[in-house]
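In TrEMBL this protein carries:
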TRANSMEM  26-48  transmembrane segment
DOMAIN    41-289  domain 'G-protein coupled receptors family 1 profile'
TRANSMEM  60-78  transmembrane segment
TRANSMEM  98-120  transmembrane segment
TRANSMEM  140-158  transmembrane segment
TRANSMEM  199-225  transmembrane segment
TRANSMEM  237-259  transmembrane segment
TRANSMEM  271-291  transmembrane segment
Amino acid sequence: MRSKNTSIDDGFILVGFSDWPQLEPIIFAFISIFYSLTFFGNTSIIALSRLDPRLNTPMYFFLCHLSFLDLCYTTSTVPQLLINLSGLDRTISYGGCVAQLFISLALGSIEAMLLVVMAFDRYAAVCRPLHYTTIMHPHFCQALAIASWVGGLMNSLIQTGLMMAMPLCGNQLNHFFCEMPVLLKLACEDTGGTEAKMFVARVIIVAVPAALILVSYAHIAQAVLKLKSMAGCGKALGTCGSHLLVVCLFYGSAIYTYLQPTSSYSESEGKFVALFYTIITPMLNPLIYTLRNKDVKGALLKVLGRSRD
């Protein structure tokens, strides 16, 4: 991000929600509560998956990765946001901004790929039940998880590198963290070529995984419709419904933010949409996956029973 405006080297001013000062205390309170719930919910899933042997399955292996990603993603933005909302400091250093951009892009990209892996796991469970344990072998699950992490990190490295090469003018970001669409608004020159490359990368990491998930669920729907047993249909829908809801929440906000032209991106609307996928969705994920899940409820009761003994 070598800029014509040398003041950028000293950092950026994060406007946050200072345009609505009356809302800042309310937002501060809600975010504090949501972050606490996010931390408790996701750490509980990770802990239960490690403590209860019944949860040592591919589904919960990937769910642990998702919970860890959600914890890291919220932690990369929420502390800075709370400081911003309190009015103590609305600035972020150049290095901090680059680090925040890289981390948020990496974690978001990893989650996009991990949701595809989880969709494949549900496809194997519903459409290939007799071969499920063979297909989703522990070594294969580990390879899929590693591929998601490596792919997400590589995508973030490429996009952050392209972003850093752009000349930027001004040091005021109308957002509460360093996010790509807002940084692109500061571009000094015509960066159509670079933006086109970045857009292609975003399509690959957002649109392509979304399409693969839709294909997986199309096959799952066909398999469910062929089931004659209502109990079988209910079980199949139960195993897939939670994941499909998480997919809709994640990809809906990601497509809105990253797959629209920079010229049409609304910074004011973008801040509230960002609140949804940085704070609310990570909080909802544990509830969505566990609310109707008998295995998780059983594991929780078992752990609580041990603690009482």
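Every residue gets a Cβ built from N, Cα and C, even glycine.
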(message) Counting a contact as 3 or more Cβ pairs under 8 Å, with residues at least 6 apart in sequence, do the transmembrane segment (199-225) and the transmembrane segment (98-120) touch?
(response) yes
(message) Can you work out which residues elsewhere in the same chain, 6+ from the ends of the transmembrane segment (98-120), have a Cβ less than 8 Å from its Cβ atoms?
(response) 1, 59, 62-63, 65-66, 69-70, 72-73, 76-77, 80, 92, 144-145, 147-149, 151-153, 155-157, 159-160, 163-164, 177-180, 183, 205-206, 209, 212-213, 216-217, 243, 246-247, 250-251, 254
(request) Six or more residues out from either end of the transmembrane segment (60-78), which same-chain residues have a Cβ under 8 Å from its Cβ atoms? (result) 31, 35, 38-39, 41-43, 45-46, 49-50, 100, 103-104, 107-108, 110-111, 114-115, 117-118, 121, 138, 141, 144-145, 148, 176-177, 246, 278-279, 281-282, 285-286, 289, 295
